Amino acid sequence: MTSSAISVIILLLSLAAFAAGRQRSLATVGGRRGDLHSLPRHYGYFAASLVVLPATLILVLWLTFGDFALERMTLNSIPEGAAVTEGIEDHLVLNRIRIAVDQGDRVEKDPTILAAAKFYREAHGEAVWLTFAAALLAGLAGLAYALKVTSAEFRARNKVETFMRVALIACSALAVLTTVGIVASLLFESLRFFQQVPISEFLFGLKWSPQTALRADQVGSSGAFGAVPLFAGTLLISLLAMLVAGPIGLLAAIYLTQYASGRVRAVAKPALEILAGVPTVVYGFFAALTIAPLFREMGLSVGLDIASESALAAGVVMGIMIIPFVSSLSDDAITAVPRSLSDGSLALGATPSETIRKVILPAALPGIVGAFLLAVSRAVGETMIVVMAAGMQPNLTANPFEAVTTVTVQIVALLTGDQEFDSAKTLSAFALGLVLFVVTLFFNVIAIRVVRKYREIYD
Amino acid sequence: MTTPSKIDSNPTVWDSKEMQQRTARRYRQERIFRAAGLGAVAVSALFLVVLLSNIISQGTGGFFQTYIETEIELPVKVLGDPRTMTPEEFANSVRRANMLGLVAKSLEETFPDVTSRNEKRALLKIYSTGVRGQLAQFVTENPDVIGTRQTLWLLASDDIDQVVKGNIDTETDESDRRVSDRELAWLQTLEDAGRVDVKFHTTFLTSGDSRNPEMAGVWGAVVGSALTLFVTLILAFPVGVLSAIYLEEFAPQNRFTDFLEININNLAAVPSIVFGLLGLAVFIGTMHLPRSAPLVGGFTLALMTLPTIIIASRAAIKAVPPSIRDAARGLGASPMQVIFHHVLPLAMPGILTGTIIGMAQALGETAPLLMIGMVAFIVDIPSGITGAATALPVQVYLWADSPERAFAEKTSAAIMVLLFFLIMMNAVAIKLRQKFERKW
């Protein structure tokens with residue numbers, strides 16, 4: 001709660017600074033607004049930003065690096081050669097300390113760890129107050145400076161606009177920062193994983209069973225991290241989804257753009273948009289509780305054994321989910337084909353369907369291919385449907401009637417619930433995430449390139 | 001199209017047999033193709049209808065619950081005397097009182113032939129354990145009823161409820177169903193006396209999660225979702241709009257801005273679960289923000305929604321004609337003043353529409369929230385953005401996983417609540433677009 005208190009204090013201070021800056025500017029010219037370079041409120045904005053910016057900077061620095069620094073200090077506070085920490089990796093020690101910080105001596109009994117926890121708690125308390133004091137002082141210093149430089153000639157508006165410009169750039173950079181964050185966090189954790197499991201085993205191994213022994217003396221498997229069954233499962237379900245979504249989506253787009261009357265279009269397009277707006281968890285529920293049992297019964301009636309968590313059910317429902325995606329992107333590609341082309345073909349006596357198949361589709365092909373690639377990328381990354389409707393067994397099979405598992409299912413399974421952050425089991429989820437990110441990125445980039453490169457410019 | 005050799009030597013003879021066959025074939029192909037297109041549209045529409053009707057037909061029952069009319073003695077001895085106690089003492093004594101004992105006593109009057117302890121215990125099971133709270137609330141709110149006999153509608157257990165709603169097939173073998181023949185007979189007696197009724201169940205809309213389906217509600221999840229979306233909006237809206245302004249109005253055409261642009265487009269297509277991994281590694285792993293909290297959920301969803309808002313805002317800003325900017329510049333406005341005084345207000349409806357659609361997406365998103373631990377079982381209504389909470393779609397996921405039959409109904413009902421909010425948001429977006437759409 002203290003951090004929200006400090007935020008409120010800084011906010012109030014900035015409001016006061018606004019008023020003070022405004023007042024000060026008017027006072028320096030004796031109330032004659034015309035003598036000021038900028039409007040009085042610009043002086044106010046200037047003073048307020050000089051309060052908020054340094055204070056926020058300090059708070060952000062604390063939030064980002066504070067804990068890391070404290071952990072280092074805590075580790076250093078542990079006396080050399082203490083029995084519990086000797087030869088044990090830092091992060092394991094830190095975990096114990098953190099538990100001791102949260103729960104006191106209920107779980108943790110070791111005096112060294114408890115002492116370290118006490119050190120951490122005290123240092124943390126001091127650091128919080130120090131940071132807040134520093135932020136407040138920085139804000140006040142900014143205010144003092146702003147009031148000092150305020151004068152009739154001071155170009156407050158230009159300064160404020162420069163701040164604003166920097167803020168705009170910073171906001172745009174956040175998008176890049178997100179990408180960097182994704183890549184960095186996935187890579188960092190994956191590298192730790194690949195230190196424990198060789199990358200070749202992960203990419204080409206045929207057995208997936210991510211249970212590792214937690215302690216050395218525990219009986220249990222060492223875990224197998226061959227992700228091929230997961231890749232195969234993902235591929236199978238995505239393929240099934242595309243078999244449903246590809247033809248239906250494309251044909252729907254063709255019908256809606258070429259044949260449908262205005263009235264049909266006015267009803268069908270929103271219907272497809274609703275289909276696109278339904279949350280994936282709803283599709284997952286539908287797949288697990290309605291479609292999967294339905295397929296199972298249909299299978300039984302013709303003598304087929306369809307697993308109750310079959311790849312088929314997940315794939316078909318995922319296909320339904322992707323239909324609007326394919327159709328709206330294909331719709332755009334088809335509409336972009338100039339009218340003159342189809343008019344020319346129709347004038348030569350071709351039927352509408354011949355025109356569509358032999359003139360419009362070839363012309364729109366890059367866009368359609370792009371749409372399909374983006375749809376595949378979505379199918380690969382889709383999570384909730386497969387989590388709820390596909391199984392957990394890593395089967396290496398191409399039979400859609402069997403249960404398979406996918407990359408996303410395993411990520412969810414590995415990371416749901418409280419997990420140690422450093423076991424190979426947890427880290428493998430990040431490696432899977434990295435693969436997922438790279439594959440979808442690949443599809444997206446190819447899709448964009450195909451659309452850009454092969455688009456014919458007619459006009 | 002066709003090779004010339006197949007064509008009759010004189011291709012313009014329309015009444016030749018080959019030509020007529022060819023025309024007929026081409027027309028047939030045309031009809032088939034057209035029918036296929038129509039079929040595709042129809043199949044998609046059918047899926048939508050099946051999906052929605054399935055959810056609605058299953059979920060409507062979730063808003064209702066079976067109640068049993070019970071005549072019950074409310075003695076001073078058990079509950080405490082409101083006239084001699086302070087309100088707090090009375091509330092405490094009510095909380096400690098053996099409510100189920102009172103219900104059991106009332107049952108004894110209805111079923112005098114049930115005598116063994118085991119049977120009595122089984123008989124009491126036709127009521128939900130929630131009657132304890134229901135009775136306590138009733139008594140605390142109406143202290144005058146102490147010492148009288150009252151006729152109340154008390155909540156039935158989930159299994160009884162499912163039988164009454166017809167979701168449990170009573171024809172199957174006794175060992176295959178969760179309700180025994182004995183219980184069915186008791187239920188029949190009550191039904192014959194007109195003491196069983198299915199009523200609208202406000203608890204579903206006002207309470208938090210529970211292990212008992214008949215007492216579970218979505219309000220906790222709704223509040224959790226609202227808090228999460230609040231954080232998302234606070235973060236994603238200003239950042240998204242400001243970055244759209246920069247990219248559209250100030251950014252020079254260079255490699256960096258090209259890179260930015262590709263980046264944003266790519267981010268929009270990154271699977272949502274990857275954002276969850278990012279949130280887990282950065283916000284929880286590195287910054288040690290609290291797990292399961294709407295704060296972290298909001299941060300994660302904000303990063304995910306940002307590209308949507310940026311893309312929509314750019315389109316809206318681009319749609320403002322340059323003449324507006326030129327006129328403002330001509331009157332001496334600085335570039336910032338042009339944007340913030342003129343362009344932005346005109347682009348705002350479009351920006352808001354895009355933002356609402358982005359928020360609707362964020363509302364339906366589940367996978368990233370699973371990663372940051374918003375799947376915990378939480379009974380209390382969340383009170384702040386740093387406490388543990390769950391969200392509406394996650395609640396759907398949790399209930400869908402529950403083995404009790406009655407939770408299937410609750411899941412569908414929760415989906416209906418979720419869809420209601422989504423439809424409202426989209427309706428607002430559409431209205432906004434219609435109202436403020438301007439042709440220049």
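Cβ from N, Cα, C; glycine included.
Annotated features, as they stand in TrEMBL:
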type	residues	note
SIGNAL	A:1-19	signal peptide
TRANSMEM	A:43-65	transmembrane segment
TRANSMEM	A:127-147	transmembrane segment
TRANSMEM	A:167-188	transmembrane segment
TRANSMEM	A:230-254	transmembrane segment
DOMAIN	A:231-447	domain 'ABC transmembrane type-1'
TRANSMEM	A:274-295	transmembrane segment
TRANSMEM	A:307-326	transmembrane segment
TRANSMEM	A:359-376	transmembrane segment
TRANSMEM	A:427-451	transmembrane segment
**Request:** Run the contact check on the transmembrane segment (A:230-254) against the transmembrane segment (A:307-326): 3 or more C-beta pairs under 8 Å, excluding pairs closer than 6 in sequence.
**Result:** yes
**Message:** Below 8 angstroms Cβ to Cβ, which residues of this chain, lying six or more residues outside the transmembrane segment (A:167-188), approach it?
**Reply:** 430, 433-434, 437
**Fill in**
Sequence-distant residues near the transmembrane segment (A:359-376) by C-beta distance (under 8 Å, 6 or more away from its ends) are 238, 242, 245-246, 249-250, 254, 258, 322, 325-326, 329-330, 332-334, 336-337, 341-342, 344-345, 350, 443-444, 446-448, 450-451, 453-456
**Tertiary contacts of the transmembrane segment (A:307-326), as residues 6+ beyond its ends and Cβ separation under 8 Å** = 233, 236-246, 248-250, 252-253, 272-273, 275-276, 278, 280, 283-284, 286-288, 291-293, 295-296, 371-372, 374-375, 378-379, 382, 385-386, 389-391, 399-404
